[in-house]
Amino acid sequence: MPSDQAFFHYSVISYFLIAPPTFISCQFTTAPYGKHHRKGWGPTISPPLAWFLMESPTLWFTLLLFPLGQHRSDPKSIILISPFIFHYFHRTIIYPLRLRRKLSNGYPISVALMAFTFNLFNSYLQTRWVSEYADYRTDEWFWWRFCVGLAVFLGGMAVNVKSDMELMKLKSAGGGYKIPRGGFFELVSCPNYSGEIVEWLGWGLMTGSWVGLGFFVYTCANLVPRARANHKWYMGKFGEDYPKGRKAVIPFVY
């Protein structure tokens, strides 16, 4: 469909156009949830419900679009989309269930709606590339790229999930916020964000596409400033007790 192809093309370009202003704006405004919860962003809902609703397009929209692609029955296409669905099954279903009764602050509906819109946009791009526009017949490097990218992806996801679980354990223990310790927390303040960034680097390698690269770039534009804000929050709250050598999101660097 030429109209869809044109829309897809310009949507990919827009990914790279919105990343710089996102990065810049996030330097000055931190999304008001979690440690940075504050009033003034409208009504809120429970964080588990917010995470479920705003991440849900990555499952239902992906599964709705995928069968419409010309490669819907191609084993390479099915295998390639699987890590994407695997990640978002955890983020949409498992993660909200683990959040139950661990967070007291509400999640602004306005922020959840912005995330919902982004996930619709991103699910469209990733799914249409994998199921329609990727060229599997002439891609001689597919399996090599997929295996390397998958190893990177799974390594990042392991760090992301383990770090999230450690943070939830600290929260459920009561007594307010504490300094996370052990594992990758000894290197960076936000290994959960580091892991997610690595995940989407692996996805970019697996897809070998501008679409995958765009998602990785946008993830960095969104999460790196938030990691920096979290790092500053930790230092402000714990002062001299906070580990001096710990970076924000990139070990030994930033």
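Cβ coordinates come from backbone N, Cα and C, glycine included.
According to TrEMBL:
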type: DOMAIN; residues: 106-254; note: domain '3-oxo-5-alpha-steroid 4-dehydrogenase C-terminal'
type: TRANSMEM; residues: 6-28; note: transmembrane segment
type: TRANSMEM; residues: 49-66; note: transmembrane segment
type: TRANSMEM; residues: 78-97; note: transmembrane segment
type: TRANSMEM; residues: 104-121; note: transmembrane segment
type: TRANSMEM; residues: 141-161; note: transmembrane segment
For the transmembrane segment (104-121): best-contacting stretch of 6-28, 49-66, 78-97, 141-161, by Cβ pairs under 8 Å: 49-66
Segment confidence, the domain '3-oxo-5-alpha-steroid 4-dehydrogenase C-terminal' (106-254), expressed as mean pLDDT: 94
Non-local residues, at least 6 beyond the ends, that sit with Cβ under 8 Å of the transmembrane segment (49-66): 33, 72, 81, 84-85, 88-89, 91-93, 95-96, 99, 107, 109, 111-113, 115-116, 119-120, 122-124, 126-128, 130-131
DSSP helix/strand/coil residue counts for the domain '3-oxo-5-alpha-steroid 4-dehydrogenase C-terminal' (106-254): 109 helix, 4 strand, 36 coil
